[in-house]
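As recorded in Swiss-Prot, the features of this protein are as follows:
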BINDING   6-13, 132-139  ATP binding site
BINDING   His156, Cys166, Cys168, Cys173  Zn(2+) binding site
Amino acid sequence: MGKGLALDIGGTKIAAAVVTESGMLIGRQQIATPRGGAGQLAAALETLIAPYRHQVDFIAVASTGIISGGRLTALNPANLGGLADFPLYDCIRSISDLPCVLLNDGQAAAWAEYQALGDKNDNMMFVTVSTGVGGGIILNKKLLVGQRGLAGHIGHTLSDPHGVLCGCGRRGCVESVASGTAIGAETLGWKQPVSAATVFDMAQQGDAQAGKVINRSAAAIAQMLADMKMALDLEVVILGGSVGLAVGYLERVVAAQKTLPGIYRVPVQEAHHRQDSGLLGAALWARASL
């Protein structure tokens, strides 16, 4: 298939890179995800795609949300600035006139990380903790996509039935407790509210209040992993996303796991491809699909 242009559409940023036949990323760049609606998202995609449309053979897209029938539907529209539905496939085809393959970002990252593991595992899961919480599942060596693209939306499993209302409309989802957005929201009652990134900086400096907020997030992830271990007999979990890859977060998740009986624990490790799992996974999936 030659070279492809991979895009990773997230709640905070849109990343892009050319992916060679050998899997090397070239010219990686990223821009902030626009918050103004469909027109702004289309313009952002054109900015990233247009310079490459005569240099690549296909477009591969990993995107937050539900990817089905060529459309992007946000389970939690707040993660995309309120955008609930977008004709992603038609938009990209109109810009590039190139073959295009779409996949949810968690599913794409899971596919890339599964390849990086080699042939050692049949059942694994990728978890991204970032603006939201998402994931992708490999079961019996196959990526679960689902009939409607919903497979792997683990951030919308239940964490606290009495918790805050999630942007999806359900109360107490894992995303509403553990995401970077939730971490930032936890500080709204502080004398000086701060971002999730600042909470991590404060925790690194020994701030107990900040550490407590991060521990709450890590505990919610550990409990969700326990549920997924029992449902899917997972052998390993790969952790990614800006929160998931933050210094010390993995260790907090592992510490929270240790409070559970052994049968509920599953080995967890950081993403091999770091922040590029979605880009590479989308390209790998596209090559296998076209």
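Each residue's number is its place along the chain shown, starting with 1.
Just so it is clear, glycine is given a Cβ too, placed from its N, Cα and C backbone atoms.
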Nearest of the binding-site residues (Ala6, Thr12, Gly132, Gly136) to Cys173 (Zn(2+) binding site), judged by Cα-Cα distance:
Gly132
In the structure shown, which of the binding-site residues Cys168, Cys173 has the fewest Cβ neighbours within 10 Å?
Cys168
Roughly how many Å lie between the Cα atoms of Gly10 (ATP binding site) and His156 (Zn(2+) binding site), rounded to a whole value?
17
Provide, as an integer number of angstrom, the distance between the C-alpha atoms of Asp8 (ATP binding site) and Cys166 (Zn(2+) binding site).
24
Name the residue among the binding-site residues Ile138, Cys166 whose Cβ has the smallest number of other Cβ atoms within 10 Å.
Cys166
Please state whether DSSP places Thr12 (ATP binding site) in a helix, a strand or coil.
coil
Cβ neighbour count within 10 Å of His156 (Zn(2+) binding site):
21
Rounded inter-Cα distance in Å - Cys166 (Zn(2+) binding site), Gly132 (ATP binding site):
11
Tell me, how many other CB atoms lie within 10 A of the CB of Asp8 (ATP binding site), whichever protein chain they belong to?
27
Count the Cβ atoms, other than its own, that fall within 10 Å of the Cβ of Thr12 (ATP binding site), considering every protein chain shown.
15
